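Q: After the structure tokens below, expect a handful of questions from me.
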Amino acid sequence: MLGEKSDFTIHPINVLQDNIVWVWVHNCNAVVVDPSISGPVEKWLLEKNLSLKAILQTHHHDDHIGGTQKLIKTWPEAKVVASKKEHKRIPFQTFSVDDNDIFNLMDAEIKVIEVHGHTDNHIAFYISKQNAKCNILFPGDTLFGGGCGRLLEGSPVQMFESLYKLNSLPENTEIYPAHEYTESNLKWALSLEPGNISIIERLKLIQKKLQKGMSSLPSTLSEERKTNLFLIAENVEKFTMLRKHKDRWKC
């Protein structure tokens, strides 16, 4: 949530195997991030009597854009915000953005951050509001709880640089990734650093949450700096080694 007294709230809709569609609500309006499928999202919005104002697309993969076209049939005035470099792969975008663009939506300022690595032209959305207790990051598949996205199109150098960009944000930034991978990521990290108290404590905490049917997310940048081995890798060589190890690792 953006600030203790804010009327902004963010809600998870769990879909498919491990995707999370985040819904950002302000008064009677909503913004949806990376809708994998339309059904559960449309149902949730209609039950809450919310008007869909925009859809934020971080990248072109079907488990992130699969529900968009059906949602804009129900709410034709909703903007579809996506990278202007992805017109071919996200052809239904109606509000095209580029790296470092800033636009306003639902009484907040949103900055676009280009984060190559998982895919070319992947973007993240950084949301700030004056006098808010914290700011918010929707990183798509770039940054996860305790992890980062696989390198499907980009290089280790690109992902390392993208994580460096995100790591430069304020430490109280709340992070809303598009997948629930935190437990697996922390188990992997613990296999490399079995004595890391921060990872041990975080893993215990999120396992309790998951057992209660809760989400492990959002996390904070402060928390990721203590427990995310990818984010704190000292150099590209270390990052590359970690990414290759994680790609081969079995939980």
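Positions of Cβ are set from backbone N, Cα and C atoms, glycine also.
These came from Swiss-Prot, pasted as-is:
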BINDING   HIS59, HIS61, HIS118, ASP141  Zn(2+) 1 binding site
BINDING   ASP63, HIS64, ASP141, HIS179  Zn(2+) 2 binding site
Q: Other than HIS59, HIS61, HIS118, ASP141, which residues of the same chain sit close to Zn(2+) 1? List them in sequence order, counting a residue when its Cβ is within 8 Å of the Cβ centroid of the site.
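A: Output for this site, in sequence order: THR58, HIS60, HIS64, THR119, HIS122, GLY140, THR142, GLY149, LEU152, ALA178.
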Q: Among all protein chains shown, how many Cβ atoms are found within 10 Å of the Cβ of HIS59 (Zn(2+) 1 binding site), not counting that one?
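A: I count 27 other Cβ atoms within 10 Å of it.
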Q: Write out the long-range same-chain contacts of HIS118 (Zn(2+) 1 binding site), meaning residues 6 or more apart in sequence whose Cβ is under 8 Å from its Cβ.
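A: Long-range Cβ contacts: HIS59, GLY140, ASP141, THR142, CYS148, GLY149, ARG150, LEU151, LEU152, GLU153, GLY154, MET159.
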Q: Do any residues at least six apart in sequence from ASP63 (Zn(2+) 2 binding site), in the same chain, have a Cβ closer than 8 Å to its Cβ, and if so which, in order?
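A: Those within reach of ASP63 (Zn(2+) 2 binding site), by Cβ under 8 Å and sequence separation of 6 or more, are LEU16, ASN19, SER36.
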Q: Which residues, in sequence order, are found in the same chain with Cβ within 8 Å of the centroid defined by the Cβ atoms of ASP63, HIS64, ASP141, HIS179 at the Zn(2+) 2 site, excluding those residues themselves?
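A: Everything else in range on the chain: ASN19, ASP34, SER36, THR58, HIS59, HIS61, GLY140, ALA178.
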Q: Most Cβ neighbours within 10 Å: which of the binding-site residues HIS61, HIS64, HIS179 is it?
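A: Answer returned by the neighbour count: HIS64.
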Q: In the three-state scheme derived from DSSP, which category covers HIS59 (Zn(2+) 1 binding site)?
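A: Coil, per DSSP.
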